[in-house]
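Asks: First the structure, which I've put down as structure tokens, then a few questions once you've had a look.
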């Protein structure tokens with residue numbers, strides 16, 4: 001089993017593990033709040049009893065009796081123990097997530113090494129991969145659109161980056177670009193409105209004068225290959241302005 005396969009298996013089990021730990025954390029918090037409420041009531045009652053005893057003369061202000069009862073002190077100690085358990089559980093959750101982040105870093109480093117070796121192999125072979133007759137291309141090789149325009153570039157993320165996205169789905173589900181902590185060739189061309197290197201599936205604008213030409217699916221709100229001709233928002237706006245003149 002490869003590192004990415006192991007990470008995929010671990011990340012699929014992570015949500016259930018976190019859910020159980022968060023449920024336990026909520027239970028501890030409810031118990032702590034109840035004990036604190038009872039202890040506050042007990043301490044307030046004992047303070048009132050002390051005040052009445054001082055007024056009646058049965059207790060002097062410097063008396064050794066001016067202290068909380070053993071029951072009140074035990075409740076306070078119990079509350080401290082529960083609070084310590086909450087802290088320990090929170091640390092466990094943090095360490096668990098941090099471990100998965102480190103595993104993801106290892107997957108991305110290995111993936112980057114594979115990409116580097118692939119670039120070297122392509123450079124040694126001296127011939128680029130065969131073009132595709134489509135205006136849609138993935139982020140792994142150089143392809144040609146249906147107008148013959150050609151751009152050569154290599155992907156900077158695939159399945160490993162998808163695993164990263166599912167690990168932090170709530171934070172990255174609405175993201176239209178992908179930022180990775182792996183080095184990117186500074187000479188590699190950038191595309192799309194996000195001005196990033198190619199990755200995943202991309203679509204080409206059918207306007208031959210389009211200044212950008214290639215776009216990531218997520219950046220233009222696409223989930224699958226568009227049917228017929230497709231134009232980016234800039235080119236659509238340009239065409240509309242021409243028609244109104």
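Residue positions begin at 1 at the first shown residue.
The backbone N, Cα and C atoms fix where each Cβ goes, glycine too.
Annotations per TrEMBL:
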REGION    122-158  region 'Disordered'
COMPBIAS  132-145  compositional bias 'Polar residues'
DOMAIN    189-238  domain 'PHD-type'
SITE      191  site 'Histone H3K4me3 binding'
SITE      202  site 'Histone H3K4me3 binding'
BINDING   205, 210, 232, 235  Zn(2+) 2 binding site
SITE      206  site 'Histone H3K4me3 binding'
SITE      214  site 'Histone H3K4me3 binding'
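Show me how these features fit into the shown structure, please.
Replies: The DSSP breakdown of the domain 'PHD-type' (189-238) into helical (H, G, I), extended (E, B) and coil residues amounts to 9 helix, 9 strand, 32 coil.
Of all the Cβ atoms in the protein chains shown, 21 others lie within 10 Å of the Cβ of residue 191 (site 'Histone H3K4me3 binding').
Cβ neighbours within 10 Å of residue 202 (site 'Histone H3K4me3 binding'), excluding its own Cβ and spanning all shown chains: 25.
Long-range neighbours of residue 235 (Zn(2+) 2 binding site) (same chain, six or more residues apart, CB within less than 8 Å of its CB): 205, 207, 209, 210.
For residue 206 (site 'Histone H3K4me3 binding'), the number of other Cβ atoms no farther than 10 Å from its own Cβ, over all displayed protein chains, is 18.
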Asks: Given the recorded positions 191, 214, 232, state which is nearest to residue 202 (site 'Histone H3K4me3 binding') when distance is taken between Cα atoms.
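Replies: In terms of Cα distance, residue 202 (site 'Histone H3K4me3 binding') lies closest to 214.
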Asks: A 10 Å Cβ contact count, applied to the binding-site residues 205, 210, 232: which residue has the minimum?
Replies: 210
